[in-house]
Amino acid sequence: MAGWAGAELSVLNPLRTLWLALAAAFLLALLLQLAPAGLLPSCALFQDLIRYGKTKLSGPRRPAVCRAFDIPKRYFSHFYVVSVLWNGFLLWFLSQSLFLGAPFPKWLRALLRTLGATQFPALEMEPKASQMIVGELTLSAFLVLVFLWVHSLRRLFECFYISVFSNSVIHIVQYCFGLVYYVLVGLTVLSQVPMDDKNVYVLGKNLLLPARWFHVLGTMMYLWSSAHQYECHVILSNLRRNKKGVIVHCQHKIPFGDWFEYVSSANYLAELMIYISMAVTFGFHNLTWWLVVTYVFFSQALSAFFNHKFYKSTFVSYPKHRKAFLPFLF
């Protein structure tokens, strides 16, 4: 089993290559923003593709050709509609396989193999110790897929009943990327389930038998991070509501409370912590998911950098001790 795990970690499969490329692209974009002004790309399209919402207002002047591809930022909710449906679909297939022994559909098995799914031949022939480890990996993937689906469901609820969107916009490329992202991330989780040609490890009625301390810790971190993100979105929403909860304006104001006391983009920090909690649930050693976390880190850091810059340039009284994304650091 140890040999198989080491070999599995050493393979740069299509999924890992994709997440690594995305992480590298956002890291490069972030480094370019931190570089002296003279080194920044002058391409208006580049700046338009890495900014969204209010941060487009603080960026360079946008030519008409860029504005022609604007989509309302409130269409963010479509990302979560897709995620709830698609990842709920994947969760149904995984549940059927884990608890009832039903094989994945042929098209899904073929897709997962193409993406580099975890292969573990002849599961029924493995020793008891290896079966236990496979059970841990399977339970981890199941829990993370549940976390992802619940996260999307909560965010969809927030889009409809909590958030107050202004008339800010996103680029159509950013919109399409967001739709594809939630399809891809669900497939990434499912690809971590150990399987042979068509079957996965069957948990049956022994759901908690493979449970380990990192499953408990990851679940606690997920709930903690999700609660903070929800609170942050409520704080942002209340900036545009009166005491009776009625929306009175769509202007930007300085948020206070919860993690906003430390960083400008507390909701982005909570998003990162949610993905880290999933990495913990995978047992810390899942390279594929750490590449996902790395992508989330750099993409959220880039957005947080622009948010911080917007707040500082808009509000003279903006708290000087606040950082953009990481408390006391960045």
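The backbone N, Cα and C atoms fix where each Cβ goes, and this holds for glycine too.
What TrEMBL records for 212-330 is domain '3-oxo-5-alpha-steroid 4-dehydrogenase C-terminal'.
Marked as transmembrane segment by TrEMBL: 18-46 (among others).
Residues or ranges marked as transmembrane segment in TrEMBL: 79-102 (among others).
Feature annotation from TrEMBL assigns transmembrane segment to 132-151 (among others).
If you look up TrEMBL, you'll see 172-193 (among others) marked as transmembrane segment. Panel annotation: around the transmembrane segment (172-193), residues 15, 18-19, 49, 52, 69-71, 75-76, 78-80, 82-83, 86-87, 90, 93-94, 108, 111-112, 115-118, 137-138, 140-142, 144-145, 148, 152, 200-201, 282, 286, 288-289, 292 of the same chain, lying at least six beyond its termini, place a Cβ under 8 Å from a Cβ of the stretch.
Look at TrEMBL and you will find 287-306 (among others) tagged as transmembrane segment.
Within the chain carrying the transmembrane segment (287-306), a Cβ under 8 angstroms from the stretch's Cβ atoms is held by residues 9, 13, 15-16, 19-20, 22-23, 26-27, 29-30, 33-34, 50-52, 55, 58-59, 144, 185, 188-189, 191-192, 263-265, 268-269, 271-272, 275-276, 278-279, 324-326, 330, all 6 or more beyond its ends. Helix, strand and coil residue tallies for the domain '3-oxo-5-alpha-steroid 4-dehydrogenase C-terminal' (212-330), in that order: 74 helix, 4 strand, 41 coil [DSSP].
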